[in-house]
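Data first, discussion second: the structure below is written as structure tokens.
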Amino acid sequence: MSHIDREKATCEFLQNENYLFPNNDYCDVEFDKSFCWYNVTRGDTLFRQCPFNFCLSIEGCAEVAASLQVQRTCHLNGTWGAPDYGGCLEILHNYKQCFAGFCNSCPDPLRQTVMVVTMCLSVTSVAVLVAALVLFTFFDSLQCRRLSIHKNLATAFVFRFAVLALWNAASTSHWFYDCAEFNQRPLYHIEWMCKCILWFFIYFQVASVMWMFIEGAYLYSRFTVFAMRSAEPPSWVFQLVGWGVPFVVVMVWTVVHEEYSRLNANSFCWLPYAQGPHLWILTGTMEFALILNLLFLFLIVVILVQKLHSGNTDTKIIWKTVKATFLLVPLLGVSNFPLFYEPDHPSGAYMLISAILQHSQGIFIAVLYCFLNSEVQLAVKRQIAKLPYRFLFRRHTYFETQRTYVPESGTVNTRHGIPMEQLEGNSDSQSQRSTTAVPLDYK
């Protein structure tokens, strides 16, 4: 209930109940369209705080709120004098930083911290993922089905975090609102632009989850049908699931939510979009994909445990296996599960941890599966080794390294760089094992 509605309701209650103050020494109850004036004896003046949401945490604003107030006098004849709002007008002109209005809100340290963390991690994710995509695309020796899935996942994350950064910038800068008035007024003529940004953010969020599902399904298939390459689906199937399914899901949600928003006269830009019984169209799709990924991860762990028990495996190898399994968590998106069950009143710790988990996933994927990938590092070193070093050496010297990665080979385990490669040992000779072994370097 707004301030005016609350004051009006107070006056109506006192008037309807014929509420009379004793001895008839008071002015009548009266509502002046801003305040309900009552309980003032004749000859006295009542002071009330201006009807603003004051930001008392800002230095000096508490004194402003206490000193510049509305005043109204009850005359001796029992009539009210004109209210004096001069103090409030002075606050409007000279102390706009002391109250919420004109698109400004009171400082919220927690909200500002979460916003800064979100923006920093989003921009960093975009930067490192773009760098990873450049490396993935530049080296022909790395190209394979698995890397194609990695590139699509990285692309989905790049657009997701880029659009999120754009959305946060639009929200904090109030691109879609007229701030010339005390109560911000939506700019309905550019609402379509606001909806487009929000639509693409939701789409790439769903798309990134679907590509994580494809990562999990493909990895699990390499553990189970590694020798059956002919059973591998064509690439258009992955594209259809990764980009097509999210488009259909988000379009269905768009149609339903558009009708839902029309029922609310104050709705603008589908906000708040994370409400309504139809939200399950989005959350249900993403939760189902992540549940399957959790199942894939469990089955992979079972296979690894069986493999470890089948031979004489020392403690070092077991530890490396556990570490490699944990490294699959950001790739498969399992860390997102707690975020689907947000409490009604989330604490500051929950909001901060949620922001870190959601917006650092792209960084982890770029670092773990590109920059720390042994095959990518080898390709970079090979490229650097081909550069001339005339300025360092007296003789014109080039360094050559032999190509060790054979993308289409069906008989060579190439140690493609997934962290779980440690299961196959550390020696280079072990890279020649038969492909009937556990597919730790799935392609």
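Cβ coordinates are placed from backbone N, Cα and C, and glycine is handled just like the others.
Note that this is a predicted model, so its numbers are computed, not measured.
The compositional bias 'Polar residues' feature in TrEMBL is assigned to 424-437.
Taken from TrEMBL, the feature domain 'G-protein coupled receptors family 2 profile 1' covers 10-92. Secondary structure of the domain 'G-protein coupled receptors family 2 profile 1' (10-92) per DSSP (helix as H, G, I; strand as E, B; remaining residues coil): 24 helix, 20 strand, 39 coil.
The average pLDDT for the domain 'G-protein coupled receptors family 2 profile 2' (114-373) in the predicted structure is 84. For 114-373, the entry in TrEMBL reads domain 'G-protein coupled receptors family 2 profile 2'.
The region 'Disordered' annotation in TrEMBL covers 410-443.
Among the features that TrEMBL reports, transmembrane segment is placed at 114-136 (among others). Panel annotation: around the transmembrane segment (114-136), residues 142, 147, 150-151, 154-155, 157-158, 161-162, 164-165, 168, 172, 351-352, 355-356, 359-363, 365-367, 369-371, 376, 379-380 of the same chain, lying at least six beyond its termini, place a Cβ under 8 Å from a Cβ of the stretch.
Using a Cβ-Cβ cut-off under 8 Å and counting only residues 6 or more beyond its ends in the same chain, the transmembrane segment (157-177) has close neighbours at 103, 115, 118-119, 121-123, 125-126, 129-130, 133, 184-187, 190-191, 193-194, 197-198, 200-201, 204-205, 207-208, 268-269, 359, 361-362, 365. The transmembrane segment annotation in TrEMBL covers 157-177 (among others).
Taken from TrEMBL, the feature transmembrane segment applies to 197-214 (among others).
According to TrEMBL, the transmembrane segment annotation covers 235-256 (among others). Non-local neighbours of the transmembrane segment (235-256) in the same chain are 145, 148-149, 152, 156, 199, 202-203, 206-207, 210-211, 213-214, 218, 278, 281-282, 285; each lies 6+ residues outside the stretch with a CB under 8 Å from one of its CB atoms.
Under the heading transmembrane segment, TrEMBL lists 280-305 (among others).
Under the heading transmembrane segment, TrEMBL lists 317-337 (among others).
Under the heading transmembrane segment, TrEMBL lists 349-372 (among others).
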